[in-house]
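A.B. asks: Supplied in structure tokens, the structure appears directly below.
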Amino acid sequence: MGNCIQGCKDYFSRQKNTNIRLTLPVVCFVWQIAMIILFGVFIRYDEESDTHWVETKAHENITSDIENDFYFRYPSFQDVHVMIFVGFGFLMTFLKRYSFGAVGFNFLIASFGLQWALLMQGWFHSLDPQTGKIFIGVESLINADFCVAGCLIAYGAVLGKVSPVQLLVMTLFGVTLFAVEEYIILNLLHARDAGGSMVIHTFGGYYGLAISRVLYRPNLHQSKRMQGSVYHSDTFAMIGTLFLWMFWPSFNSAITDHGDGQHRAVINTYLCLASTVLTTVAISSLSQKTGKLDMVHIQNSTLAGGVALGTAAEFMISPYGALIVGFLCGIISTMGYIFISPFLEKTLKIQDTCGVHNLHAMPGVIGGIVGAITAAAASESVYGKQGLINTFDFTGDFKDRTVLTQGGYQAAGMCVSIVFGVVGGAIVGSILKLPIWGDPADENCFDDEVYWELPDEEEEHQESIPPILEYNNHMIHKQQELSESNFSVEHCES
Amino acid sequence: MGNCIQGCKDYFSRQKNTNIRLTLPVVCFVWQIAMIILFGVFIRYDEESDTHWVETKAHENITSDIENDFYFRYPSFQDVHVMIFVGFGFLMTFLKRYSFGAVGFNFLIASFGLQWALLMQGWFHSLDPQTGKIFIGVESLINADFCVAGCLIAYGAVLGKVSPVQLLVMTLFGVTLFAVEEYIILNLLHARDAGGSMVIHTFGGYYGLAISRVLYRPNLHQSKRMQGSVYHSDTFAMIGTLFLWMFWPSFNSAITDHGDGQHRAVINTYLCLASTVLTTVAISSLSQKTGKLDMVHIQNSTLAGGVALGTAAEFMISPYGALIVGFLCGIISTMGYIFISPFLEKTLKIQDTCGVHNLHAMPGVIGGIVGAITAAAASESVYGKQGLINTFDFTGDFKDRTVLTQGGYQAAGMCVSIVFGVVGGAIVGSILKLPIWGDPADENCFDDEVYWELPDEEEEHQESIPPILEYNNHMIHKQQELSESNFSVEHCES
Amino acid sequence: MGNCIQGCKDYFSRQKNTNIRLTLPVVCFVWQIAMIILFGVFIRYDEESDTHWVETKAHENITSDIENDFYFRYPSFQDVHVMIFVGFGFLMTFLKRYSFGAVGFNFLIASFGLQWALLMQGWFHSLDPQTGKIFIGVESLINADFCVAGCLIAYGAVLGKVSPVQLLVMTLFGVTLFAVEEYIILNLLHARDAGGSMVIHTFGGYYGLAISRVLYRPNLHQSKRMQGSVYHSDTFAMIGTLFLWMFWPSFNSAITDHGDGQHRAVINTYLCLASTVLTTVAISSLSQKTGKLDMVHIQNSTLAGGVALGTAAEFMISPYGALIVGFLCGIISTMGYIFISPFLEKTLKIQDTCGVHNLHAMPGVIGGIVGAITAAAASESVYGKQGLINTFDFTGDFKDRTVLTQGGYQAAGMCVSIVFGVVGGAIVGSILKLPIWGDPADENCFDDEVYWELPDEEEEHQESIPPILEYNNHMIHKQQELSESNFSVEHCES
């Protein structure tokens, strides 16, 4: 028995082996083949993307092709797609030597995740009971991208400390958990969450933080030299920040109701984000001796408003309401970077590389609360009778629900997302702790060297800074001659 | 009296203090709170973004949600949004050490400016006389972005020489002036200017140049070492150039008439810009000894065609007409960088960091002239009877206006925009000259160090060029040993 | 006779002269003026972008402006536009010192090419027999961008080895050949190829490879030091990769049928590309000793799926079918980089800078085959009677064509595109071999220095690495003192 425990300990603490030449290809191949088989069994085009659309049109008296949902949602979909791949990918390039991992692994896990999301979300939300098939259209693609966003948020918490195989495993479970919590929140509780404050950001944030807690590395300081940014990596990160910021109105409006629903969600998000920028800058400047700004805050906290308006964006929160939400989020998120992140690391042992707690988890919770309050405060005088029904979808089983009850269910939804994030993350974290996934040693974290063939930089520098170095070499050479001459003189003397 | 003058002199020439830890947060907080209050009082959703849309639809016999203005303008809006934040922001990253300031301050002032623009433009253009409210929709957001563009253009002229507080003040007044001149040009003179050659580019350009003139720094050469680009900063700037160039058709068509108006504006701008690229390359190549190209020209002058078609893009200028405008603008703008910019700096003491005179002011004036001529030359045979009325909006008070008169009013509009730019800029420049805004000293211009916490680069270089430096260090060490051994030998001898 | 041969040899092997101060401006000016004249003679707005649209609407009983083709295609057009300028441009920035050439020349030839394409495609596809005019709208712009894509693909094969004048010549002929082969394939053979697997990628790929073969440089190893990437240039290239990847669904759906056609093409391409990423990563990891990933594969092979679905994207290939195509393409394309590219260079003497054989030519051929098979396998039970007619456009002269025949014609189309690429490229290559175009010497390939005014980097490094170097200098200085003191001591002794 003692032997066994010792064996276990040895097993877990053995020298890290980052060779993923077997595991990574195997996981990619097996999972992709599984996707093909499952798609073959389950996934079909929906009626708006099938060649039978011409018959559907005639049957349902649709006069024009422009009524196809594609034209309502495709521009927003493409914006969301950019956020997922360029936005999240480049936001994480801020580390001096982890840009390949940031953009590349983001690319990999999003590409896998969206396939798995189409299946999981299909099974839970749109499995046709008669045919046993899942019918997909542009809205399914948006939802798949949304689902992936949750996992990419979680990636932010463990950035630089895990292997791509771990990330794929994390995404597999993340998408699965996401689909379940989404089903509970949106279908069972019938909460509204078009931009995913709860479903995406709160869940994704806590999922990542819980995993990071389980994978805590006490000796992470050994790779401290790699944990900062350099000038150009910060500039690359701003590409991510801006594409996320600019397209967030599309994110929050992509699956809201046609017409005024999408229109209003865009206006609210646009205003909220503008307000966030100003308070982020204010707090960032306050936090430094001479009022200098910190790129970490500008890159991240400016986005908190979009997160916090995910639930309420489609509501009649009114333009000044959106500004207030943004105002508060800029303050809270920036404060988070200054005060809460160090606390989390020291006290709770949560190493949160990108600060997802400040950018997603906290603002997500705020978003859930804002959503619950604004839902509870909704009134027929503001929304109009039909408007209220449309906005909160008070139809079918839920046609007798009051706005107050709705507010309660919104709050319940938020709790569900937190629980799923924390518990799910803890379990998945334990799985990822197994020493078979090829994660890097503490001293090799945040370094692309481990998983990427890096270009040989030496040559470039020889190209670009010869004058100075040549001068140095020249000087050194001269010294050498001098010293050697000394030697010879001395030898002579002796 | 003499004492007073001396006191004034001392006051203005005292040591620069770039500590903005008080002013920047105060300005951000106070202004953002003011925005919230003013939005609360004035801004409401318009009928297409309000939950009452369902009733509006029924009332106005609108059969489908796709008729909501959102679907006509949202894709263009998002393109314009990208131009404002990524386009303008990254275009200005060309300086070797001012990328944070370029992207970051652009982000800050645009975020403030668009809120203030919604109010100012609302008061002047769409204040409902009965309710006293401003009703906003997607077109308002586009107009707010347009208004901000004027201020970002002005930023280009003073890039690297002002503090973020100065930029915010400049934006406050810039947006205010913009709304007034826009009201005069579009409403009173009833000139057409969908893409803003006059309203945005001419005004913004001269506004920035006038400010730069007032803030003239005779000793700017002291920061000459920072005024150039480096290889990667030029590549970053190309991101800005290309997003501006690609999305300019959306800029010029974003608020034109539904249907053929938007369609035609896109075609014209697309062609005009393509033509500009060829002549820019030609002149750039001609200007250098061996025909080498200059990145400054490629980054900037290639965009001049879009500026110059801002007014006429929606007219029947015909495809070859668009090509001619682009042809001329590429030549004139590139020539501007070669000949006029140095002249402006030496003779008129206008230090124009980004060359906004060549990219916005001059092409804007050309655009105004092209607009006036093509308007005056419009005929019923080309436009059709109804087409002419629609294009120039000859309805209501203006239903009897002839195309010739229209041409005259177009020209008058251009003069208004120049006057507002020059006079407004001179006044605002004087305000910005007060020594309370934390602007940098002459030797610290174009340096992010002043307003940003910069990453410690040292480490990076230790990382990336160890082989060479290690070799150096190694050699040095060896020398040391040698020398020391010499010493000891000598000591022995003595 | 011998003299003549010797003279020819001398003529061709004379010292390279890269001065393009005469040729480049002349070509740009003359061609742009020619464009203006030809546009004046031939190009007019089509009925949807003309001010007479208001009459067309009334005449054709179109109830809403939203029926204008502009609203069906503009969002896709803008995405395609981004792919052409940012996507292709930045994808080629991976070389350490050819980013200016990659982005800048891409910009130049695309801007020229799209004008020439509007004319060539207009003459072949949409010349109005009565008026002798070409009427253009948003679909024409998309087609022009597509045509340009073919030439940009070819640029990838010769990247860094040719002058901008050669590129313009290559584009002139490339667009011309493109328009002819497109006419044969789409109109005469009536093959379907909405995303251009055959017409764009196969043709463009082989066109570039054939040119590269003719321009073979046996001594290219002389510029080997410039042929690699550096860390940040690889990151820039990922911007290109991601924008191509994300917007490829728009590329393949931009000109497909309204409604279900565009909708389905998007879904298929989205899925296919996701699948490609996983197998690319798998093979890339397998190819290296410890499973490290290679940026070249991630940057390029991940896109192969989009190429290969160019023909079949609008067909009912079904979601799992799209995944299978992507699965195979990721494998084949990555294998191509590992095995085929070195073979092509050594054995066939084809120097393919960007590996367009693996990214465009091969996947394009696969796409042609996939298209032929899926067309031949189409059935009324899957497509529906009207759906089959709509998808394959079995109307007019082709109303009796069977799907099997269609499959045959698809295959024939692919052969046409290969023949045009290879033969056309060989001829154009011979023209480009004339020693009048200012191409660089073997030792100056892949270097922006030849055609661009480069910023002076020295200063930057003095700025950014003073601490280390200062330390070095300090140490050196100290040594010097030591040595000198030694000297003096010795002198004393003697």
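Backbone N, Cα and C atoms are what each Cβ position is placed from, and that goes for glycine too.
Predicted automatically and left uncurated, TrEMBL annotations should be read as such.
So TrEMBL lists the following for this protein:
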- A:68-450: domain 'Ammonium transporter AmtB-like' (DOMAIN)
- A:22-43: transmembrane segment (TRANSMEM)
- A:77-95: transmembrane segment (TRANSMEM)
- A:102-122: transmembrane segment (TRANSMEM)
- A:134-155: transmembrane segment (TRANSMEM)
- A:167-186: transmembrane segment (TRANSMEM)
- A:198-216: transmembrane segment (TRANSMEM)
- A:228-247: transmembrane segment (TRANSMEM)
- A:267-286: transmembrane segment (TRANSMEM)
- A:298-317: transmembrane segment (TRANSMEM)
- A:323-344: transmembrane segment (TRANSMEM)
- A:356-378: transmembrane segment (TRANSMEM)
- A:411-432: transmembrane segment (TRANSMEM)
A.B. asks: Given the model, what does the mean pLDDT over the domain 'Ammonium transporter AmtB-like' (A:68-450) come out as?
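C.D. replies: On average, pLDDT over the domain 'Ammonium transporter AmtB-like' (A:68-450) sits at 96.
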A.B. asks: Quick check: do the transmembrane segment (A:198-216) and the transmembrane segment (A:22-43) share at least 3 Cβ pairs under 8 Å, counting only pairs 6+ apart in sequence?
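C.D. replies: Contact between the transmembrane segment (A:198-216) and the transmembrane segment (A:22-43): absent.
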A.B. asks: Should anything in the same chain at least six residues away from the transmembrane segment (A:134-155) have a Cβ under 8 Å from its Cβ atoms, list it; otherwise answer none.
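C.D. replies: The answer is 42-49, 69-70, 73-74, 76-77, 80-81, 83-84, 88, 92, 105-106, 109-110, 113-115, 117-123, 125-128, 167, 170-171, 174-175, 178-179, 182, 196, 199-201, 203-205, 207-208, 211, 254-255, 356, 360, 425.
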A.B. asks: Would you call the transmembrane segment (A:167-186) and the transmembrane segment (A:298-317) in contact, using three or more Cβ pairs under 8 Å, pairs 6 or more apart in sequence?
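C.D. replies: In this chain the transmembrane segment (A:167-186) does not contact the transmembrane segment (A:298-317) - fewer than 3 Cβ pairs sit under 8 Å.
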A.B. asks: Quick test of the contact rule: Cβ under 8 Å, at least six residues beyond the ends. What residues does that give for the transmembrane segment (A:298-317)?
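C.D. replies: For the transmembrane segment (A:298-317), the sequence-distant neighbours (Cβ-Cβ under 8 Å, at least 6 residues beyond its ends) are 91, 94, 192-198, 200-201, 234, 237-238, 240-241, 244-245, 248, 251-253, 256-257, 261, 264-265, 268-269, 272-273, 275-277, 280-281, 283-284, 325-326, 328-330, 332-334, 336-337, 354-355, 358-360, 362-364, 366-368, 370-371, 374-375, 378, 382-383, 387, 391, 410.
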A.B. asks: Near the transmembrane segment (A:267-286), which residues from the same chain, at least 6 beyond its ends, have a CB less than 8 A from one of its CBs?
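C.D. replies: Sequence-distant neighbours of the transmembrane segment (A:267-286): 195, 245, 248-249, 251-253, 292-294, 297-298, 301-306, 308-309, 312-314, 317, 319, 321-331, 333-335, 338.
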A.B. asks: Mind checking which residues reach the transmembrane segment (A:77-95)? Cβ under 8 Å, same chain, six or more beyond either end.
C.D. replies: 102-103, 106-107, 110, 138, 141-142, 145-146, 148-149, 152-153, 155-156, 159-160, 226-229, 233-234, 236-237, 239-241, 243-244, 247-248, 250-251, 254, 295-296, 299-300, 353-354, 446
